[in-house]
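Novice: Quick paste of what TrEMBL says about this protein:
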BINDING   A:ALA60, A:GLY61, A:ALA62, A:GLY63, A:THR64, A:GLY65, A:LYS66, A:THR67  ATP binding site
COMPBIAS  A:707-716  compositional bias 'Basic and acidic residues'
DOMAIN    A:39-320  domain 'UvrD-like helicase ATP-binding'
DOMAIN    A:321-588  domain 'UvrD-like helicase C-terminal'
REGION    A:703-730  region 'Disordered'
Amino acid sequence: MTDPFFIDDLDADQGAHSPRPGGIAARARAAAGGPRYLDGLNPEQREAIEAMDGPVLVLAGAGTGKTRVLTTKIAHLIAQGRARAHEILAVTFTNKAAREMKERVALLAGPVAEGMPWLGTFHAISTKILRRHAELVGLKSSFTILDTDDQIRLMKQVLQAENIDDKRWPARALAFQIDAWKNRGLDPAHVPAGEAGAFANGKGGQLYALYQERLKILNAADFGDLLLECLRLFKENPDVLAQYQSRFRYMLVDEYQDTNIVQYLWLRLLAQGRHNVCCVGDDDQSIYGWRGAEVDNILRFEADFPGAKVIRLERNYRSTGHILAVAASLIAHNEGRLGKTLFTDGELGAKPTVAGVWDSEEEARSVGEEIEQLQRKGHALDEVAILVRASFQMREFEERFITLGLPYRVIGGPRFYERAEIRDALAYLRCAAQPADDLAFERIFNLPKRGLGDATLQLLHDCARRQRIPLMQAAAAMVETEELKPKQRQTLRGLLSDFSRWSSLIDSKPQGELAEMILEESGYTDLWRKDRTAEAAGRLENLKELVRSMEEFPDLGAFLEHISLVMEAAGVDGGPRVSIMTLHAAKGLEFETVFLPGWEEGLFPHQRSLDESGRAGLEEERRLAYVGVTRAKRRAKIYFATNRRIHGLWQTTIPSRFLDELPADHVEVVEAASGAAYGGYAQSRFANMDTYGSSYATPGWQRARRRAEESKHEAQGRGQQGKTYQQNRRGPLQIEGELIAKSSTASGFVKGARVFHQKFGNGTVAGVDGNKLTVDFDKAGRKLVLESFVQAG
DNA sequence: TGTGGCCGAGTTTTT
DNA sequence: CTCGGCCACA
């Protein structure tokens, strides 16, 4: 085989049907001279790949090989000589998706695809374009990218300068509003008067303009600007636009259902050149409406791009038959959709289960027990996931798993770059690289404490605002005057001279060494060295990790850009673990077994979604449910609890309406795995047999019904069930505590030892039982934990 | 400058 | 209930 694009079955997970070697299909292809990378694609996938000219919309259902189509298409375009790697624009939403696509294209097309310079997120690609033409939009090409935090702080300054009461008109709210405007492609001049006037007695639009002005002075852009300013660049400079329109012979867009208006406008402008735009997406998986995604973009595609070809991928390679049937029936309740039905030739598999539990604690207990059963049967823990609607639901599972000693990981926790020490360190680097970065300067100006307080900052601000210059420049001016007290003046002068020294080293010193030097000389590292709290060591470790990761970049600028657009948590592995995450975070992933807890009205669908967006909100929630179910390859396990604590109060809940939408023939109603099950079917719409066919006359269902009756009576007899329950609830913990306290055997820890736990913090060992410790945590109270989860404190 | 207490909010999250 | 932010006070 001389074909350079030959690959092994790269894509087993997408279930490619490899044709029998020498089979008719293979021989026909050989005769036609078709390239090997097209082997094993189904006709629709192949059609999507071979449709190269003009606009194409690929409606790719969950698990239908969407990524494979995209990556193969890129390889195909290159192999067919339609375009070279740098003439293809491929856009994704997340850095993760971009990275994966890059890897897979490299595998398929090899070195020919080297680089794919225009494969990236909307933001990364826009940034790249903006830096090249920054001066045309009033920026310098070294502009800083502000994150949400910086945005809000900048907004606070703007509001303060305008004497607007931050209490009544929170900076955060206006920052969000501006972000929303930017997502809709609206600059200050184009915000509808009604909306602009809604904030701060009609000043919203004006404040937006002032905020933009400040950004330019700081030589900064926020996330929204990256797209909006790029769009403005194109609109105001037809020559620049033409240059990119002709460069991008082919454009591919992943997750098109998640695009917002500004992204759509940006794409449409570029696509007006060669018209070869291929968008891949699934309207049924649009779950980001609340942050500006426009499902309409995908629903309207054919109107927006005349002559568009629409290809549906409906053959699912991920899930078994019953799971797909459940997903299909659920999503069929949505009205605003293009319509597609997943199917599989594979086995029916096990029916998704629905189990009712008394409360969230029993829910966690049952899930834990089921996972342990799976584990005993030899199932891998990293093929198990718990997908929740809201992150507060995670805590209960975490606590249960810690008790059980079940390894788990929470996906989507606080990110590396959001941690205080990382942000502080970055602020130092930003100041050195970009002295106009006021927000960074403000952050570290008195960190570590150096006696420069709010009063000094206020003076600097006044000066900066009066002269329309950055803070550091203002500071430089003020240390030459008598306006500051001698002590502050001296300190500030020292700080400024430190920064100018560090700045001067940027081009000569490797950025890693420079960073170490800055953190050392500024006294920042010492701040944490002196800190004797348990977290300090971890923070120092994070700082080291930061310096280490810098060394992979060509220079400080490249690193800072990466950090503002990309930086993710340094993954600490260590054996297979159960994943706990939100449904949103689960999109694009798949697991053998998926637990879907919390299917109750108010939580899922979430009340707020219904209140704020009505029918559209409900449909988005339903799509979320659909995403959840379609993550499962072989087992989907749905739960609902009858009681849940909401804002500290126990409330009786009603099973989710989505349960009523599941097809009776494909669902099994089961008892929860935990022994101490209450029925909890009282008041359940789900318990209404008439909704279902006769197939619900299963033993499990009958048991469930029986218990529903019992618990109804129980509830009546008990009166205030919420209160009674609250008392019950404290029971088990106590019992566990006592049990543990009784025995004490060999362990690395002794009673009275101080320990540190990742989740609960510091505490004192109150009892030891084998590898289990009872610990009185300073903050979290008494908990039973596994020895392996704590460190000596 | 640091800390305690009070008040308010409380879904999902990328870039 | 629990956390975070902000203000007032030491």
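A Cβ is built for glycine as well, from the same backbone N, Cα and C atoms used for every other residue.
Because TrEMBL annotations are produced automatically, they should be read as predictions rather than curated entries.
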Novice: Go through A:ALA60, A:ALA62, our binding-site residues, and report the one whose Cβ sees the most other Cβ atoms within 10 Å.
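Specialist: The residue with the most neighbouring Cβ atoms within 10 Å is A:ALA60.
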Novice: Within a 10 Å radius around the Cβ, which one of these binding-site residues has the most neighbouring Cβ atoms: A:THR64, A:THR67?
Specialist: A:THR64
Novice: Along the domain 'UvrD-like helicase ATP-binding' (A:39-320), what average pLDDT does this model show?
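Specialist: When the pLDDT values over the domain 'UvrD-like helicase ATP-binding' (A:39-320) are averaged, the result is 91.
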Novice: When you measure from the Cβ of A:GLY61 (ATP binding site), how many other Cβ atoms are you left with inside 10 Å?
Specialist: 27
Novice: Would you count the other CB atoms within 10 A of the CB of A:GLY63 (ATP binding site), including those on all shown protein chains?
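Specialist: If we count other Cβ atoms within 10 Å of A:GLY63 (ATP binding site), we arrive at 25.
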